[in-house]
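Novice: Shown below is the structure under consideration.
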């Protein structure tokens with residue numbers, strides 16, 4: 001995807017900016033990216049790279065980014081966004097990838113144990129909701145760039161609440177469109193979903209972190225799901241080898257620790273990569 | 001607020017005409033356009049306003065962009081004027097002549113009146 005190579009070039013060139021110019025440009029860049037969900041990625045990255053190259057040239061002539069581009073970057077950014085055409089295919093691609101990604105990710109855990117119903121209605125609804133939420137959060141991020149501290153905090157709080165609402169919805173929303181996935185049907189279904197997931201992981205996310213962690217976890221889920229549907233092995237897995245109480249003592253702290261590591265690890269990785 | 005919008009709209013229209021004139025002389029990219037504008041007295045205009053203009057002009061088919069190596073070396077997006085752009089440029093120059101001579105004669109007349117008082 002050409003936009004990716006433009007983004008990489010952008011990342012490399014930004015290193016040449018002075019700290020003052022870097023902050024100016026990165027605010028501009030993040031603001032424009034956050035407000036362009038319905039525009040073509042290629043168009044957006046092209047203009048961002050053009051501006052970056054020009055700012056770098058101005059810098060080499062001892063002109064700061066602000067004195068070159070202007071004291072009101074938000075205004076120019078808004079004009080740029082207004083002039084970029086909306087792109088229907090891009091929007092649909094984005095919507096589908098989020099909805100599909102959501103469905104795939106949340107379908108595998110429910111497929112792991114035979115007997116648990118797979119709620120297709122829930123998945124579809126929450127998939128669409130996730131797309132809407134992703135847009136809202138992106139827009140919120142865009143709004144925080146040129147705002148004061150207080151507003152930033154309020155917006156962050158809203159984002160967290162929305163995210164919690166989505167998680168709650170995914171757990172508690174039940175629709176009649178559920179079905180069981182036992183036996184061979186289950187194995188085939190898992191295989192299909194696994195293939196889709198692998199394609200998304202390699203093709204769209206280009207086996208980068210943190211998607212790798214998610215992919216590994218889901219693969220393990222898929223394997224357990226398949227194994228538990230094979231009669232002999234299935235019984236072996238689902239019949240407790242250790243008494244339940246001991247197992248709980250191991251599982252619950254284990255899950256909490258895993259969640260903490262996953263959450264803190266992801267947060268650390270995100271802040272390391274987010275120069276803002 | 002409305003007053004500000006009117007003059008910024010006017011400035012954008014005038015800037016577009018200027019960009020057409022610059023680009024019709026030779027193909028240029030973002031920064032070289034900004035430098036030329038500064039040379040001609042537009043140093044107080046924030047160059048951030050040039051980019052949305054260029055995008056709009058390309059959308060309207062007045063200019064086309066092409067990636068090619070620059071003087072410094074790296075590839076930049078050079079803008080070329082199109083046939084439509086040349087026509088628009090001529091129209092702008094005519095409109096500007098008419099407008100500016102009207103405004104100038106009004107100013108001239110008023111300063112004559114002021115002197116004779």
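Cβ atoms here come from the backbone N, Cα and C positions, even for glycine.
Unlike curated entries, TrEMBL annotations are predicted automatically.
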Novice: Please find, within the list A:46-70, A:246-270, the residue stretch that TrEMBL describes as transmembrane segment.
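Specialist: The listed stretch tagged transmembrane segment in TrEMBL is A:246-270.
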Novice: Can you check which of A:72-91, A:92-111 TrEMBL lists as transmembrane segment?
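Specialist: Feature transmembrane segment in TrEMBL: residues A:92-111.
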